[in-house]
């Protein structure tokens with residue numbers, strides 16, 4: 001039986017002890033001594049003064065063991081783009097696994113149907129989820145396509161084409177209205193977990209209940225809609241917001257916009273914490289307002305690569321000084337990785353490591369309804385990252401298997 005030892009972040013708090021990993025990749029047990037905690041002097045969304053337990057853990061030389069990161073918005077990495085098809089998705093999964101991401105959603109661009117079909121056909125063997133007869137009801141596992149070498153691809157985030165052509169952001173101009181026929185054809189190839197749409201577009205509000213009934217989780221994004229459009233979308237079944245603040249109507253005290261609807265009513269929303277897409281103060285405000293605000297990278301082919309030109313779907317983007325932009329200067333996804341996202345939350349926003357971990361792992365798993373991921377607990381998959389006291393990544397475990405970081409290329 002494989003064992004991990006160190007300070008383990010469990011749903012109940014820090015434990016100084018070990019994780020025993022079963023032969024099937026699930027956590028057989030966690031044993032050790034709880035690290036006693038005192039009341040936190042601060043707040044739960046920034047300006048947090050470390051609890052006594054976290055001080056003990058961070059001051060120790062022992063490894064820190066956290067749930068593996070879960071990224072629900074990944075376009076690319078290592079010079080490859082999901083829209084390429086072929087073996088691009090496996091390369092992207094390996095890239096992000098090197099940075100601690102153990103599960104992700106492959107994210108497509110607004111594109112003609114033929115381009116989407118090509119991408120979905122390539123994703124099909126990698127992300128088809130299968131019920132694990134040996135695990136408790138409701139748990140999930142993937143096929144063996146990238147086991148041990150890359151992040152588990154849980155399915156697809158269809159970011160376009162059902163968006164507002166006036167709020168494309170870095171998306172190509174192939175926006176169109178929702179088509180259930182398109183969705184069902186694509187879903188038959190690879191499971192669609194999230195659908196981003198603009199609720200103000202004709203018939204989209206009416207389409208949301210049908211999408212939800214068909215099993216698609218709807219997010220509001222790339223939208224020029226009003227506050228009322230956002231509220232109505234939530235009332236009709238939309239569950240979250242795509243890269244909050246970016247490519248949507250902003251907050252004004254007389255016209256709150258889509259951002260206002262999210263801050264006032266959302267339980268979940270994704271945000272890009274690269275400190276370029278969103279000001280740290282806006283991230284803090286969103287964390288106070290949205291209980292389960294979770295982090296995504298919105299990463300592109302430029303992730304893990306030197307400065308230069310790369311493709312994002314059909315468009316060329318340029319990586320320079322840590323950012324990724326179109327020729328006109330528009331931010332076009334990012335080069336962020338989830339291990340850096342964790343460090344940004346802790347070091348630049350002042351979150352506790354326990355809170356930051358939820359925002360790069362647990363909340364995303366909960367949002368997708370995956371009780372066996374995003375937490376280190378008996379019966380869950382042993383998706384884990386091992387960090388040093390400086391929050392630098394040392395080891396990654398994918399469904400109980402150690403990842404050879406140097407070989408995940």
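Heads up, residue numbers simply count up from 1 along the chain you see.
Glycine is treated like the rest: Cβ placed from N, Cα and C.
Whatever TrEMBL says is automated annotation, not expert-curated.
Residues or ranges marked as domain 'Amidohydrolase-related' in TrEMBL: 65-398.
According to TrEMBL, the feature Zn(2+) binding site maps to 159, 222, 243. Of all Cβ atoms in the protein chains displayed, 25 besides its own lie within 10 Å of the Cβ of residue 243 (Zn(2+) binding site).
Residues or ranges marked as substrate binding site by TrEMBL: 170, 246, 247, 254, 277, 331, 332, 333. The DSSP secondary structure for residue 277 (substrate binding site) is coil. Taking Cβ-Cβ distances under 8 Å and a sequence separation of 6 or more, the neighbours of residue 277 (substrate binding site) in its chain are 243, 245, 246, 271, 298, 331, 334.
Look at TrEMBL and you will find 298 tagged as active site, proton donor/acceptor. Around the Cβ of residue 298 (active site, proton donor/acceptor), 29 further Cβ atoms fall within 10 Å across all displayed protein chains. Under the DSSP three-state reduction, residue 298 (active site, proton donor/acceptor) is assigned to coil, being neither helix nor strand.
Residue 222 (Zn(2+) binding site) and residue 332 (substrate binding site) are 13 Å apart (CA-CA, integer value).
What surrounds the Zn(2+) site, by Cβ distance within 8 Å of the Cβ centroid and not counting 159, 222, 243, is the set 73, 160, 163, 169, 171, 196, 219, 221, 242, 246, 247, 298 from the same chain. For the pair residue 170 (substrate binding site) and residue 222 (Zn(2+) binding site), the C-alpha distance works out to 10 angstrom.
For the pair residue 333 (substrate binding site) and residue 159 (Zn(2+) binding site), the Cα-Cα distance reads 12 Å.
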